[in-house]
Ligand SMILES: NC(=O)C1=CN([C@@H]2O[C@H](COP(=O)(O)OP(=O)(O)OC[C@H]3O[C@@H](n4cnc5c(N)ncnc54)[C@H](OP(=O)(O)O)[C@@H]3O)[C@@H](O)[C@H]2O)C=CC1
Ligand SMILES: O=C(CO)COP(=O)(O)O
Ligand SMILES: [Zn+2]
């Protein structure tokens with residue numbers, strides 16, 4: 001299904017191309033989940049709410065949010081379980097249309113389901129991430145896996161983000177490491193944006209680019225401090241993810257956070273579905289695209305290793321041949337987005353790069 005079909009249901013269709021839409025309330029810290037009633041009241045979003053969560057995340061935090069709001073709101077719930085993402089979105093839309101606003105409580109898939117379902121039914125949504133796994137938690141973008149590969153959709157950012165560091169720190173460390181990798185990949189995303197600006201005149205926002213680079217720099221420099229199940233680490237990474245989402249809102253696209261390394265990730269999702277988390281694949285891709293940019297690819301690799309993110313395709317159960325195929329297929333993903341992987345990488349060179357750069 002094409003991207004425009006997914007957003008066809010929306011009725012409030014204004015030309016927002018010049019609008020910078022940002023979250024209104026961002027609350028990050030220990031036990032801040034308790035403040036969700038206050039955030040909802042502060043924003044005066046109506047008296048009925050749909051709470052979207054996943055199979056695991058409903059037990060982890062979804063039920064808590066339901067209990068906190070039950071006394072003051074009509075609470076409906078929606079289980080965004082595995083299955084066809086577009087079908088799940090359709091069902092979530094139907095449920096969202098019956099509520100005044102939506103809250104997504106979960107990982108990226110749940111947050112995106114809530115983001116798209118609320119956008120398509122002209123509702124506001126509140127993002128309650130249970131993991132700091134990628135920068136969609138505060139962005140206006142949704143990334144939906146489809147048979148043709150990931151479709152990057154324009155939506156609206158959450159009107160509020162409530163990120164409880166106690167919940168996020170309790171998540172498997174793999175999810176936090178994946179979020180770090182997604183942010184470190186901003187380094188190569190902005191190099192591709194600058195390349196496209198110089199070679200093809202693509203408009204570039206210095207503010208969005210600088211903010212995106214800053215998020216990568218902070219995590220890169222503090223890689224030694226990122227520890228499993230540490231609330232301080234959860235706080236540091238969540239701030240970076242929120243800032244990266246703001247950079248995308250300023251740019252009005254995912255360009256500051258999505259370059260050739262993301263096209264590699266989306267190609268891998270098509271060639272090896274379900275292998276690795278989004279951020280993990282982007283980090284692995286950033287090693288190669290940083291090398292192609294002539295940058296510090298070893299620094300990227302070593303920071304990912306320190307954080308505990310995979311640095312080779314084998315690290316996510318992908319063989320070298322599939323990685324080569326993904327590098328070559330990247331140019332077919334969102335061809336209008338020019339990156340270093342769209343400059344004629346040959347199969348022989350791709351094979352040499354995988355052999356040379358992805359050694360444990
Ligand atoms: N909008 C954007 O900009 C972007 C969106 N995406 C999208 O996000 C998705 C990937 O998100 P990601 O978070 O990596 O993966 P998932 O949302 O698939 O989450 C991975 C697993 O972690 C579980 N989980 C989440 N939080 C916790 C926790 N605190 N404790 C234990 N388990 C937990 C989830 O549980 P459960 O099963 O309950 O959900 C799920 O089983 C994809 O659909 C991708 O398309 C990716 C990049 C950017
Ligand atoms: O993952 C993203 C930013 O980290 C968004 O990426 P896409 O626009 O490529 O889906
Ligand atoms: Zn990403």
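For all residues, glycine too, the Cβ spot is worked out from N, Cα and C.
Now, the feature entries from TrEMBL:
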- 108, 109, 110, 111, 112, 130, 131, 132, 133, 139: NAD(+) binding site (BINDING)
- 135, 182, 262, 278: glycerol binding site (BINDING)
- 135, 182, 266: substrate binding site (BINDING)
- 182, 262, 278: Zn(2+) binding site (BINDING)
(request) Within 10 Å of residue 278 (glycerol binding site) by C-alpha distance: pick out those among the binding-site residues 110, 112, 131, 133, 266, and say none if nothing qualifies. (result) 133, 266
(message) For residue 262 (glycerol binding site), which of the three DSSP-derived states applies: helix, strand, or coil?
(response) helix
(request) Please report how many Å separate the Cα atom of residue 133 (NAD(+) binding site) from that of residue 262 (glycerol binding site), as a whole number. (result) 15
(request) Determine the Cβ neighbour count for residue 266 (substrate binding site): the number of other Cβ atoms within 10 Å of its Cβ. (result) 28
(message) Using a 10 Å radius around each Cβ and all protein chains in view, which of these binding-site residues has the most neighbours: 262, 278?
(response) 262
(request) Using CB under 6 Å from any atom of ligand 1, narrow the binding-site residues 133, 182, 262, 266, 278 to the ones that qualify. (result) 133, 278
(request) Sorry to bug you, but what's the C-alpha spacing from residue 182 (glycerol binding site) to residue 266 (substrate binding site), rounded to the closest Å? (result) 13
